[in-house]
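Step one of this worksheet: look at the structure below.
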Amino acid sequence: MIVKAPPILFFTGTDTDVGKTYVASLTAKLLAGYGMKIGVYKPVASGCDYRNGELVSEDALGLWQSAGRPESLERVCPQRFAAPLAPPSAAALENRIVDKDELIEGAKWWYGRCSLLIVEGAGGLFSPLADRFSNADLAYALRATLVLVAENRLGVIHQVVATTLAAKHFADGEGLNLAGIILNQAMSRSDASAETNLTEIRKYCHVPLLGSLPYGSDASPIEQWLRKAC
């Protein structure tokens, strides 16, 4: 029996440490609060910590808890590595590899078990998840809808414009399905550009801006979009 894929929201970033987990977790909590059956998936994680002899991804744990602990944490993040490096490099230090097929099959396991699947990538959109296989490749394989998270700081204009252009021309011009951009203030202190970045990005980028989250914000800046989209 063929199980139909649920809608998939794939949260990716312009860089690492821009707040993907924070934004994805807020989204999962909101949608679960609407009564939706949410699945969450972190295809691979590095920089994991040992707890009771098991490697645990803090990002995956946060997603899982925000969604109401659906299924098991093992299903949320099946491939985990200790070193804080790109996943293929972290895996190599353990004489292992990141299983490319499992990256895809791990997402498909959720089909039929949720009404919407939230995926959080690792690093930026074109950061490697496995050998010659990036977040962009996984999003393309899953036919996912991308949400691009960018840190609201000096330099973000270039990062957003460059990433969205690359997404548009991915796969020989077929492109990725990019729903929009969320600017996130990841640090408690911001620089002066935070006041003008949103306006400037609109001049150079025609991808919708879904919201701008101040440091420590709740989900209210993106709730209106979520209600329309989901």
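Yeah, the Cβs are placed from backbone N, Cα and C, and that goes for glycine too.
Note: TrEMBL annotation is automatic and uncurated.
According to TrEMBL, the feature ATP binding site maps to 17-22, Asp59, 120-123, 184-185, 214-216. Counting Cβ atoms from all protein chains shown, Asp17 (ATP binding site) has 11 others lying within 10 Å of its own Cβ. Taken residue by residue with DSSP, Asp17 (ATP binding site) is part of neither helix nor strand, so it is coil.
Marked as Mg(2+) binding site by TrEMBL: Thr21, Asp59, Glu120. Taking Cβ-Cβ distances under 8 Å and a sequence separation of 6 or more, the neighbours of Asp59 (ATP binding site) in its chain are Lys20, Thr21, Lys42, Ala45, Cys77, Glu120.
Feature annotation from TrEMBL assigns active site to Lys42.
All protein chains included, Ser46 (substrate binding site) registers 23 other Cβ atoms within 10 Å of its own Cβ. Under DSSP, Ser46 (substrate binding site) is assigned to coil, being neither helix nor strand in the three-state scheme. The substrate binding site feature in TrEMBL is assigned to Ser46.
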Using DSSP and three states only, what is Asp59 (ATP binding site)? helix
Spacing of the two Cα atoms, Ser46 (substrate binding site) and Asp17 (ATP binding site), in whole angstrom, works out to 13
